[in-house]
Structures are given as structure tokens and as C-alpha cells.
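Q: To start, I am sharing the structure in question, which I have written as C-alpha cells.
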Amino acid sequence: MSPKQTELKSDEKQKSKEEWGNGLEFLFSCISLSVGLGNIWRFPYIAFQNGGGTFVIPYLIALLVIGRPVYYLEILLGQFRGGGALRAFDLAPLLKGVAAGQVLATGASITYYSSIMALTLRFLLASFSAELPWSSCRPSWGSDCHDVSAANASGKMSPAQLYFEREILHELPNLDDGVGVPNWQLVACLAVAWLIIGAVLIRGIKSSGKAAYFLGVFPYVVLLVLLLRAVTLPGAWSGIVYFFKPQWKELLNPLVWYAAVTQVFFSLAICFGTVITYASYNNFHRNVYNDIVIITTMDSCSSIIAGCITFGILGNLAKQTGITDIGSVVKGGTGLAFISYPEAIAKFEYVPQALAAPSAWAPASYASSATNLANVPAPAGPSLALSLHSALA
């Protein structure tokens with residue numbers, strides 16, 4: 001077959017293949033995918049666990065050296081092959097097991113993301129109350145809670161932390177009596193999360209592509225509002241300085257670099273097959289270099305903004321509780337964002353529900369795809385589901 005015939009055949013295939021409505025749909029869809037839970041929820045607590053500024057330097061290096069080139073490679077591979085992950089790896093049959101692994105990893109990630117979406121939906125429902133339930137202490141929390149007006153709050157926890165641990169997660173002090181029964185409210189929210197994923201995917205890129213305009217922009221509005229509020233709180237700057245000030249000796253710790261590389265993969269959603277799937281809906285001749293620069297830059301900027309918000313809140317909590325070490329203000333881990341963002345919204349003096357309800361605070365803005373049901377922007381779970389749906393295409 002001559003090169004001309006091959007090109008004609010490729011053009012005919014492209015005409016019959018479903019494509020994005022325009023280049024902006026692809027760009028905003030990738031922004032919605034890459035700028036998501038990895039930035040708003042995972043980045044702050046990973047940075048918190050790895051010394052704040054000590055983590056930021058390896059993260060930015062890994063983003064430029066590993067993240068951007070791999071992202072470029074996956075988009076080119078998907079656009080060239082015009083199919084899901086399994087079809088893309090037809091180029092190297094020996095590596096088809098890698099594609100199958102990506103599909104399995106995507107399926108596992110969907111269940112993980114859906115659980116986070118359930119938590120954010122639970123917060124969304126709670127935010128419709130007349131007073132935000134995490135804005136003040138409850139009698140049932142006893143002396144463990146500190147109020148803003150408390151003269152000595154040393155050793156106590158904020159209302160936002162106690163609300164998340166005791167009212168949302170229903171954490172038990174020990175497992176002597178077992179793990180208990182599932183909480184019906186979280187089970188219902190999880191079911192709604194899966195229904196939302198199905199609704200977003202029901203028409204493939206025809207529905208998700210149009211929603212991407214809103215999903216890729218509105219989260220930044222929420223983030224900027226929270227950032228402005230966070231940096232104006234008393235003590236916030238001490239937390240932000242902790243976030244940017246590295247502990248140089250920790251840069252020699254390989255675990256910090258490992259965490260940074262892992263965060264880049266998680267944040268950009270690379271090596272899950274999702275980026276390959278998104279790019280497969282592109283026009284074969286599309287120049288994606290500028291898109292990749294924009295997406296990866298937005299991704300890193302979102303992480304830094306989210307870090308400033310989280311550590312600004314931690315600085316404020318440190319001032320309230322009288323703790324000088326920012327790293328010991330709250331318990332680290334996956335729940336950090338579920339403490340810091342509600343804490344920031346509770347600090348708004350006028351109608352905090354106006355921000356909490358439509359956005360379900362920042363993590364929900366990205367985690368949940370309840371685009372029309374709850375005005376919560378960013379299809380992290382559905383994006384992965386779309387990849388899984390298209391993997392065998």
C-alpha cells in the first residue's frame with residue numbers, strides 16, 4: 001500500500017471516529033481530569049507528611065522531568081492510534097499487559113474516587129443547614145473541642161476536625177467491639193455518586209465535553225475565594241512560610257522524592273490510560289504541544305494554591321491552639337483537606353453557606369461530577385470511568 005493510500009485510509013477512519021466538538025473541549029476536559037483530587041485533596045496532605053517546603057522542590061522537578069514528557073507521550077500515543085489503551089498498545093504487542101494493567105488500575109481508582117465523592121456529597125448536604133455544623137463546638141464533643149473564643153485551646157481539636165472524624169466518619173477509639181455497621185448516610189451518598197458517574201457518561205464525550213467548559217473554570221473561582229480568605233486569617237502566614245520553607249537535609253531523603261514522583265503521576269492522571277483515551281478523540285493532525293504546556297502548568301499552579309490554602313488554615317489553627325509546630329497542629333493523612341477547607345469556609349462572616357453549598361468546598365469541586373445535581377465541578381471519577389469504558393474500543 002502506497003503512502004498516499006495509507007494517508008487516505010487514515011483520513012477516512014478519522015471522519016468516522018467520534019471526536020471532540022472543538023479543541024477547547026479537549027483542553028478543558030484534560031484540565032478537569034488532571035487538575036482534580038490529586039491537587040486539592042492529595043497534594044496538601046502529602047506535602048504535610050513530607051515537611052512542607054521540602055516536598056515542593058522535588059515535586060516541581062519531577063513535574064518537569066517526568067510528568068510533562070510522559071503526559072506528552074500519552075497524548076501523542078492516543079491521538080495517533082485513535083483508540084483506548086488496549087488499542088494504543090497494539091504498537092508493541094509485548095506491552096499489552098501494561099495496557100491491561102492500566103485498565104485494572106483505572107477500575108480500582110473509580111471505586112476509590114467514588115468513596116471520596118461520597119464524603120464530599122455528605123458535606124454538601126450538611127452545608128444547607130442554617131448554621132454550618134462544623135463552625136462551632138457541640139456538647140457531645142466534650143472538652144476535646146476548642147472554640148475561637150477559648151483563652152487556652154492547647155491540646156484541643158478544631159470543630160471542623162471533630163465534625164469530620166465523629167459526625168462524618170464516625171471513627172471509633174478502638175476496634176474492641178468491631179468495626180460497626182455501615183452508615184446509611186454515607187451509603188446513600190455513595191449510591192448517588194455512582195448514579196452521577198453514569199449520568200455524565202451516558203452520552204460519552206458529547207455530554208462530558210460540553211460540561212468541561214464549566215468544570216475547568218469554576219473550581220478556580222472557588223480556590224481563589226478560599227485563598228483570599230485563608231491568607232487574611234491571623235497566623236496564616238506562618239503556615240504558608242512552613243509550606244515554602246524547605247528543610248534542606250530532608251532533600252537527601254529518598255522517600256520525599258518517591259512521594260513527589262508518585263504525586264506527579266497521581267495528579268496528572270498519567271499511566272492510567274485515561275489521557276490516552278481522551279487524546280484518542282482528537283483530530284489526527286491536531287498540534288497538542290501548547291495544550292500540554294497549559295495543562296501541566298495549571299496542574300502545578302492548582303497544587304500550589306491548594307497548599308497555600310491548607311497551610312494557611314493550619315497556621316491559623318496553630319495560633320488558636322498555641323502550638324508552635326505547624327506539623328503537629330492536626331492529624332495528617334487523607335482527611336487533611338476535609339478539615340482545612342471546611343475550616344476556611346466557616347471563617348466567612350457573612351453567609352458561609354453561599355460558598356459551601358454550591359461548591360461543597362474545594363475537594364468536592366473536583367471530586368464529584370454532580371455537575372447539574374449539586375454544582376460540584378470536575379469529573380475525576382467519570383473521567384476514569386470514560387477511560388475504562390473506551391479501553392476496549
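Every residue, even glycine, has its Cβ placed from backbone N, Cα and C.
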Q: Match it up for me: which of 292-314, 361-383 does TrEMBL list as transmembrane segment?
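A: Feature transmembrane segment in TrEMBL: residues 292-314.
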Q: Among the recorded stretches 53-73, 94-114, 184-205, 217-244, 256-280, which has the greatest number of Cβ pairs closer than 8 Å to the transmembrane segment (292-314)?
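A: Comparing 53-73, 94-114, 184-205, 217-244, 256-280: 217-244 has the most Cβ pairs near the transmembrane segment (292-314).
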Q: Under 8 angstroms, Cβ to Cβ: which one of 53-73, 184-205, 217-244, 256-280 has the largest number of such pairs with the transmembrane segment (94-114)?
A: 256-280
Q: Using a Cβ cut-off of under 8 Å, list the residues of the same chain at least 6 residues beyond the transmembrane segment (53-73) that approach it.
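A: Distal contacts: 34, 43, 46-47, 242-248, 250-251, 253, 256-257, 259-261, 263-265, 267-268, 270-271, 275, 288-289, 292-293, 295-296, 299-300, 303-304, 307.
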